[in-house]
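Data first, discussion second: the structure below is written as structure tokens.
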Amino acid sequence: MKKIFVLLLFCAVPLVFAGDINCLDCHGKDGDLPIQVDKFKNSIHSDLSCTDCHVGADKVKKGEDFEEVHPDNLEGKTPQCTDCHEDYVDELKLSVHKSLKCWDCHGDIHAVGVDKSITEDKNLVVEMCSKCHGDSEKYHGNTIIVNQYRHSFHFTKKDKDGQPAASCADCHGSHNIMTSANPKSMIYRANVAKTCGQCHENETKEYSTSIHAEGVMKGYDESPTCTYCHNPHEVQSPAYTKKDISNLCLSCHEDSRLVKRYGLDYNVGYTYKDSYHYMAIKKGSKKAASCVDCHNTHAIMSPENPKSSVNKANLVNTCKKCHNDINEKFAVSYTHKASTKGGNIINYYVKLAYIFLIIAVIGGMFLHNFIVWLGYVRRSYRKRKEEEKIQRMSKAQVWMHTLLFVSFFTLVLTGFALRFPDSTVMHILFPFGEEVRRWTHRIAALVMIAAFIIHILRIIIGKEDRRVLLAMLPGPKDIRNMRDNIAYSLLLKDEYPSFGKVTYMEKMEYLALMWGTLVMILTGLTLWMPEIAAQFLPSWFIKVAETVHFYEAMLATLAIFVWHFFFVIFHPGVYPMDFTWIDGQIPVEEIKHLRPEWYEELKEEGKIKE
């Protein structure tokens, strides 16, 4: 019975015979290069014999030993798939995969089944392509592209059989895969719409009427095809947010290079951004109009085209999609052209008039109030001359403060002029070119470095400066003073804090100044001479120095405006200004009210009279 079964098995598998030779004698389960008979029996090639593919494998001349010549008969030869699949020969000759063998994609030819073939299962196509294109070590391997596709709508959108909406072969072809630069390729720019139209027929018909398709046919490289707006490997659901749609369109229509090259309307981006529609979308509105709400999604046409949704004859119907009971006057009032001088000259001059009005009125208000404030400053300074005063800062310290003041704000101005080159404010405050800015910044930096070094030397050499430094060091009393000051300001205490000659506010500022200046000097010198710095410092340090230099500058500038200016200008006890920075003196009356502990010390020392 066993012999009969084996005989029937051989009869059912004609491949195993080649003339009078039984291939399974050597390639059976226990032979060399074994063939899995069960799998082959169920494969699509089960009706073929071995020599149908392995041509010449059975050739034996008279007197030759088959086992000796058989390997030589096949040396350097591959199975001839094209003898049966001749339809694909010409396609493969033009394909980028022409150097591959059929089984590189189709897998084990002996086991190719009817139902589980890559020709029938799109999931298998994806797995097959990913073997090479998902391996960054292989030619044209790119894990990013494969990962994008696996998260795309084409892959995640499955049909009832669990098949992806589109596999690699649906867009790139199967045997006729060519580069995007080849005019015969399915992904060549002029062919992309046709390729997508295999599934998206209606969208392709609409697109074919568009000005974008017209540009593609004329050979304009930047004219959008399907893959310009829809990332080819990361196609998402049509449910784009309105903000995404607007930004997508503006990425081309605000590109000055494209606007100049193709003579596009340069006002489109500005006028749309200036509209309620765009502002509302930026705030998250789902109702305000994006570009495609007015211009259509795929059938985007020139306004001169009678079929265009934004042609003057069709504007009312277009606007009626959102606005009921409107007329032509309403429709034409919200076009891109209506926001320009040529489209609405009255609006242009009204806008111009208001700009001048704002400058004149607010500028006048500022000038008026500055004059009033300056008057109070001058009267306060004159009155101060008659008051009893104590010398708080030496002339050298006053000059040092002046140098720091001038160099600091010069550095701020010239530094931010580089960091914010498009800022209108910076253009007004510093209208000079880069060469002037660069050297002004460096000279100011040298002044600050000199002031810093002189201050350090004075601390080392001079007793008075060392005494000032010691007075600037914080202690437990400063924490109590801060607590009491906040409580007093919140009306939780009636007694004013007992401040001495140096308050905790000044100590904090002084220490921040010393630390910040040192950091800015070190990072600034690194950025000034990066070639030299790179010889001694690690590669990451230069970029870190740039980051620290900018953010430390922001921190220092804000600290001066928020902290320092409050205590020397806006504090009620010194308003309209603390003049100590000019002459180094402080009125006794001010000491009595704002620094009571120091006042008592001065009385005990006999430096002031009751």
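Placement of Cβ uses the backbone N, Cα and C atoms for every residue, glycine included.
Feature annotations, courtesy of TrEMBL:
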- 20-88: domain 'Tetrahaem cytochrome' (DOMAIN)
- 167-203: domain 'Doubled CXXCH motif' (DOMAIN)
- 225-256: domain 'Doubled CXXCH motif' (DOMAIN)
- 363-475: domain 'Cytochrome b561 bacterial/Ni-hydrogenase' (DOMAIN)
- 484-572: domain 'Cytochrome b561 bacterial/Ni-hydrogenase' (DOMAIN)
- 1-18: signal peptide (SIGNAL)
- 352-377: transmembrane segment (TRANSMEM)
- 398-419: transmembrane segment (TRANSMEM)
- 439-461: transmembrane segment (TRANSMEM)
- 510-529: transmembrane segment (TRANSMEM)
- 549-570: transmembrane segment (TRANSMEM)
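Among residues of the same chain six or more beyond the transmembrane segment (439-461), those with a C-beta under 8 A of the stretch's C-beta atoms are 396, 400, 403-404, 406-408, 410-411, 414-415, 418, 432, 469, 517-518, 520-521, 524, 528. Averaged across the domain 'Tetrahaem cytochrome' (20-88), pLDDT in this predicted model comes to 73. DSSP places the residues of the domain 'Doubled CXXCH motif' (167-203) in helix, strand and coil in these numbers: 16 helix, 0 strand, 21 coil.
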